[in-house]
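Enquirer: Right, I'll just put the structure down here and ask away after.
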Amino acid sequence: MTGITGGTPSMLPAWGGGAVPRNEPLLAVEDLHVEFATRQGAVKAVNGVDYTLEAGETLAVLGESGSGKSVTAQAIMGILDTPPARVTRGRVLFRGTDLLGLSEENRARVRGRRIAMIFQDALSALNPVFTVGWQIGEMFRVHQGASRRDAERRAVELMDRVRIPGAARRLHDYPHQFSGGMRQRIMIAMAVALEPELLIADEPTTALDVTVQAQIMELLTEIQRESGMGMILITHDLGVVADAADKIAVMYGGRIVEHALVHDAYRAPAHPYTRGLLDSIPRIDRKGRELHAITGLPPNLLDMPPGCSFAPRCPYRQGDCAVEAPPLHRIGPTRGSACHYWREVLDGSHG
Amino acid sequence: MGRYVIRRLLQVIPVLLGATFLIFSVVFALPGDPIASMAGDKRMPPHIVAELTERYHLDDPFLVQYWHYLSGLLQGDFGETFAGGGVSEIIAGKFQVSLNLALTALVMETVVGVGLGFYAALRRGRAQDTLVLAATLLLISVPTLVTGFVLQLLLGVELKRSTGIDFFPISGAFDGWRSYLLPGFVLAGTSIAYLTRLTRTTLAETLRADYVRTAVAKGLPRRRIVGRHALRNALIPVVTYLGADLGTLMGSAVITETIFNLPGLGQELFRSIYERQQPVVVGIVTLLVLVYVLANLVVDLLYAVLDPRIRYE
Amino acid sequence: MSSAAPPKGAPPKTRRARHAKASGRGARTARPAGLWRDAWHDLRRRPLFTVSAVLIAVVLVMAAVPSLFTSVDPYDAAGCVLGDARQGPSAAHWFGTDNQGCDTYARTVYGARNSVLVGLGTTVLTALAGGLLGLVAGFRGGWLDAVLSRVTEVFFAIPSVLGALLILSIFRTGTVWTVTLALAVLAWPMTFRIMRASVITARGQDYVVAARGLGASAGRLMFRHILPNAIAPLIVVSTINLGVFIAAEAGLSFLGLGVQSPDITWGLMIADARARFHEAAGPLLFPAALLSVTVLAFIMLGDAVRDALDPKLR
C-alpha cells in the first residue's frame, strides 16, 4: 500500500483539475469488501466493488435497499460505524491516495473539505438544536478559522446560492422550521460550502415530494456543472438517473452487476437485474408495454448462495448460474456485466 | 412559546389545590386533640379552650378550615402554631438546611452522574462501561439507611481514628458547607446512579443519531462532534432530570437528616407529627409540594429553552 | 387462547416471510406467548438472573421458615443476656450480639419476614390497583382517564417518604399492614402511569383494532387482547419496586413510624443499634447488609427481566 504521510492531502490542490496527473482518476474504488458483525454472524454487505469517477463526472449507483450502495459510500466517506462494520479488503483511492490507509486525523481533513456528503433524510441529518446558519457557518469556522460574522455572511451567500428565499432572514431559524425541500437545500449548501472535489449524494430526493425532487436534482446538477466536482448519486430511482448521470453502476448483493454509460444501459441493459429494474418503471417511450416486477427476494447477506447471487430471481438462469459466480465481463471500454449470459440479455432474447 | 408557558402555568393550579387538599385532609384525620396535648398533663381552663378553638377555626367544618388555610397560603401565610408562633418563621430556618443539603446533593449528582455517564457512553460495551453499570446497580440497591451509616463509619469515624483526618463532620450543621458533604452524597446516591444511566443511554443514542453522522461527514474534530453536536442534544433529558430531582431530593431527605442530625424540614416534620403541631405539618408538606411543582415548572420551561422544537410549537 | 391468534392486520405475506427469515422469530413477536417464551429462554442464560433468583429464593425461605436458618428464637427474651451485649462474632453468636445481648444473626434472619411481607403486599396492591386503573384509563380514555391522570399528578407532587409518615401517623400503632397500606397509597400512581402508557400503545396495534372490528366486547378486548401484550413493563417495574418497598419499610421502621418493637425488622434493628454504632458496628451492619442484598436481588431481577423483554436490546 502506498505510504501516506500527514502532509500528502494538503499537497494536493484543494480544487479539482490543475496539476493533478491525468492518469489518476478523482476516485477509484478497488475490490472493496465490507462486513457487519451481527449476532447471527458476519453480514457481507459489500463484496468486491470497483468503480472509478473522473472530476466533473456523475456516477449513479443504483440498487435496492441492502444492495450495499450506501455502505460503499459510507466506506468512501469513512463514516461507517466500526464496529460493527469492518472494511475487510480493498482500497479507496482519492486522487491516488488510499483513504483507508489514512490516520483518522488525516481522514477528517479530507471529509467535508474535499469529499462531502448529503443524506436522504435532511431533518434527522441536521442537528435539531442549532440554527441552520450556525450549522452551515461551522464549516468555515472549523475548517478555515473564519470569524463568526464572516461565517454567517458566507452562510447567507450559500443559502442564496441554493435558492432559499429570504436567506438572511432565515439564518437563525432551526431545521424543523423549514420544509423538506428547503432542508435538503440547506444540506446541499453545507456540503458544497468548502467547494469539495467530490460530492456523494445518498438518496438525496427519496424523502421528498415528486415536484420537489426535480428541483433538488436540478440544483445538484447545476452546482456540479458550475463547480466541476465529481458526484456519486446513490439512488434506487431510475427516473432520477437519466438526466443527471453520465454513467451508472448497478449493485446487487453487495457487488456491481453492471456498469455502463447511462445511455447505453437505458438503450440495452446487459444484466438481467438492470433489465428488470428498467422494466419495472413506467417510461413514456415504452408506453403500452407491460410493467414487470422482479419476483423473489433479495439475497440473504448472512448466507450468500454460491454462484450468481441474482440467479434465484433471474429469468435467464441456467444450470451453471447456481454454481459459478460470473465475473464482471468486459463488454466494451466503458461497460461491464456480471452475467454469464450478458449477450442474450443485451440481445433482449429471454434465455 | 408564550402559549406553552401559560398552558404549563395553568396546569400547576389543580396539582397544588389537589395536593394541599390531600395533605390537609390527612392531617385533619390525625388522632388526638391538639389543644389538650398542648396543655400536657394539666387541664386547660374552658375559656382558653374556647378561645383557641375559635382562633384556629377548630369547630368549623373541614372544608371551611381548608378554605381558611388556603386563603392564608395565597397571601404567603403558612398559619400559626398552636403555641402562637408563625409557621413561616419556624420553617424558614429548616428550609435553609434542607435546601443546602439538596443543593449539595444536586452538585454531586451532576458532577459524578454526568461524568460517569459520559465516560461509560464513550466506552460502551467495554469493561469500564460494565463496571460503571455494576456500580450504578449497587448505588440504586443499597438503601440510604445503609450508605448513610456505612459512610459515616468509614469516612467520619474510622478515617479520623486511623489517620487523624477530620474532614467529614458526621453530625449537625455546625461546620459550614463541610457538614453537608457526607449527607449530600448519601442523599444523592440513587440519583447519581439514575443520572449516570440516563447520561450514558442518551449520549450513546445521540452518538448514533443521523446528525452526528453528518457532523463526522463535515470533517469536524472528534472532540467537537461529541462535545458540541452530541452533548448538546444529550443534555436535554439530563438537565430536565436534574431540575426535577431538586424537589425529590428535598422531599426525601428525612432519613439522611436523621442519620446526620441535620435540623432540616424532614426532622421538623417528624417532630411536629409527634407533637401534633398540625399547622407545621401541613406547612412543611405544602412547602415541599410547592418546591416540587415549581422545580418541575422551571424544568419544563428550561426544556423549551434547550429544545427549539418545543419553543416554536 | 385467542390472544395467541395471529394478528389480523398483519403486513402482506412477503414482508412477513422475509422478516421471519431474517430474524428467525419475526412471526412470533406480536404474540405475548412467544415474547415470554423468548424472554424466558434469554433469561436463563443471564448470570444476573441466576444470581438474583438464588438470592431471592434464599430470602423467601428465610421469611417463610426462619427456624431452618437458626435454632435461636429471638422472640424469646430469655435468649438475650444483657451481660453479653455488643460482643463480636463468635461460634455461639455468628454475627455477635446487640445492645440487649440478643443474637444478631437470629434477629436478622427473623427480620426477613416483615420486610418480605411489606414488599410483597405493597407490590401486589400497587400492581392490582394501579394496573387495573391504568388498564381502564388507557383503554377507555376520555374523562375517566383525564381525572385519574390529574389525580396521579397530585400524588406525584407529594414527597413519598413524608407522605408515608403522614399516613402512618393517622394510625395509633404501626404494623406490617399499616406500612403496606401507606406505601401502596403513595406508590399506585407509578404503576398506573406505566400500565396506562403501555395499554395506549397496545390499544392501537393492528390485532386489537381487528378484534374490535370483529365485535369483541370491551372486557374481552381489555383482558384477552390488550392485557397480555401490555403487562410486561408493569411486571418489570413491580419486580424492581419490590426491592424499593423493602428499603422503604426499613426506612419508616427506622424512623419509628413503621413496624414497632417487639416485632423484628431490619429497620428497627438498625435504629436500635444506632446509639452505640461507633463502638459496635456489627448489630447495625449485619441487618444492613442483608437488607442491601435483598433489595439488590430484586432490582437485579427486574433489570434482567427488562433486558430480556426489551426487544430493542436484542
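Each residue, glycine too, has its Cβ placed from N, Cα and C.
Straight out of TrEMBL:
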{"type": "REGION", "residues": "C:1-30", "note": "region 'Disordered'"}
{"type": "COMPBIAS", "residues": "C:13-22", "note": "compositional bias 'Basic residues'"}
{"type": "TRANSMEM", "residues": "C:47-69", "note": "transmembrane segment"}
{"type": "DOMAIN", "residues": "C:112-302", "note": "domain 'ABC transmembrane type-1'"}
{"type": "TRANSMEM", "residues": "C:116-139", "note": "transmembrane segment"}
{"type": "TRANSMEM", "residues": "C:151-171", "note": "transmembrane segment"}
{"type": "TRANSMEM", "residues": "C:177-195", "note": "transmembrane segment"}
{"type": "TRANSMEM", "residues": "C:230-248", "note": "transmembrane segment"}
{"type": "TRANSMEM", "residues": "C:284-305", "note": "transmembrane segment"}
Enquirer: What parts of the chain pack near the transmembrane segment (C:177-195), using Cβ distances under 8 Å and only residues at least 6 beyond its ends?
Expert: 117-118, 121-122, 125-127, 129-131, 133-135, 137-138, 148, 151-152, 155-156, 158, 160, 163-164, 167-168, 171, 230-231, 233-234, 237-238, 241, 245, 248-249, 252-253, 258-259
Enquirer: Please work out which recorded stretch in C:116-139, C:151-171, C:230-248, C:284-305 has the most C-beta pairs separated by under 8 angstroms from the transmembrane segment (C:47-69)?
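Expert: Stretch with the highest Cβ contact count: C:284-305.
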Enquirer: Check the transmembrane segment (C:116-139) against each of C:151-171, C:230-248, C:284-305 and return whichever range has the most CB pairs under 8 Å.
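Expert: Most contacts with the transmembrane segment (C:116-139): C:230-248.
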Enquirer: List, by number or range, the same-chain residues at least 6 past the transmembrane segment (C:151-171) whose CB is under 8 A from its CB atoms?
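Expert: Result: 178-179, 181-183, 185-189, 192-193, 248, 251-252, 255, 257-258.
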Enquirer: Residues of the same chain, at least six outside the transmembrane segment (C:284-305), with any C-beta under 8 angstroms of its C-beta?
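Expert: Sequence-remote neighbours of the transmembrane segment (C:284-305) are 39, 43, 46, 48-49, 51-53, 55-56, 59, 95-96, 104-105, 107-108, 111-112, 115-116, 119, 235-237, 239-240, 242-244, 246-247, 250, 266-267, 269-270, 273-274, 277.
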